[in-house]
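What Swiss-Prot says about this protein:
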SIGNAL    1-17  signal peptide
DISULFID  Cys126-Cys129  disulfide bond
Amino acid sequence: MLKKILLLALLPAIAFAEELPAPVKAIEKQGITIIKTFDAPGGMKGYLGKYQDMGVTIYLTPDGKHAISGYMYNEKGENLSNTLIEKEIYAPAGREMWQRMEQSHWLLDGKKDAPVIVYVFADPFCPYCKQFWQQARPWVDSGKVQLRTLLVGVIKPESPATAAAILASKDPAKTWQQYEASGGKLKLNVPANVSTEQMKVLSDNEKLMDDLGANVTPAIYYMSKENTLQQAVGLPDQKTLNIIMGNK
């Protein structure tokens with residue numbers, strides 16, 4: 001699951017337009033940012049907000065004199081508040097991050113019309129990235145999954161130049177596939193100095209990776225069947241791998 005703290009940080013700081021009832025305003029003063037209202041069960045009015053690294057819900061009693069901050073459960077034991085927070089805060093922010101990855105500089109591995117899309121941030125010197133690349137072969141080669149790799153240079157001092165060599169090649173996507181297939185032994189024309197163009201690509205990818213809350217590679221992102229952004233950092237186990245590749 002994607003780190004919630006990060007997605008909350010992506011939300012725009014928009015001032016709530018309505019005048020808040022006194023009990024809600026008192027809670028707001030504790031550092032909560034009110035985002036929107038919603039209709040709550042039992043004749044109560046709900047307020048959706050964020051506090052530090054958490055989404056929060058506040059419930060105003062029908063008389064308007066009391067407010068309760070916390071989770072609301074129904075008779076089945078279902079957390080109604082958490083469902084709302086996921087839908088209204090985390091899911092939209094996750095889709096925004098997905099769009100940012102779509103618009104980034106990635107290398108295609110697989111068929112461009114493969115139904116399952118998986119983004120992976122990878123460093124040329126990352127051994128787990130190479131293992132993940134090998135793990136993904138059955139799904140990629142069968143046309144079920146397309147990997148979209150965003151190269152970064154974070155593991156070794158030589159990482160940026162090596163990544164730049166791949167990006168500067170005639171066919172970067174093909175070169176990356178050959179490089180991973182060779183276990184990193186493919187001979188590259190590594191530049192003494194990384195060009196401004198290639199450095200910008202690497203810097204942009206690293207910034208995006210950081211914004212997503214990942215600090216190791218491979219950092220893997222995919223959408224769940226509920227259309228929410230999911231994260232797997234490091235080499236996934238078999239169960240997680242199946243989920244990533246669409247074998248829900």
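Note that the numbers count up from 1, one per residue, in the order the chain is shown.
The backbone N, Cα and C atoms fix where each Cβ goes, glycine too.
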What does DSSP say about Cys126 (disulfide bond): helix, strand or coil?
coil
Cβ atoms near Cys129 (disulfide bond) (within 10 Å, other residues, all chains):
25
Count the other Cβ atoms sitting within 10 Å of the Cβ of Cys126 (disulfide bond), across every protein chain shown.
24
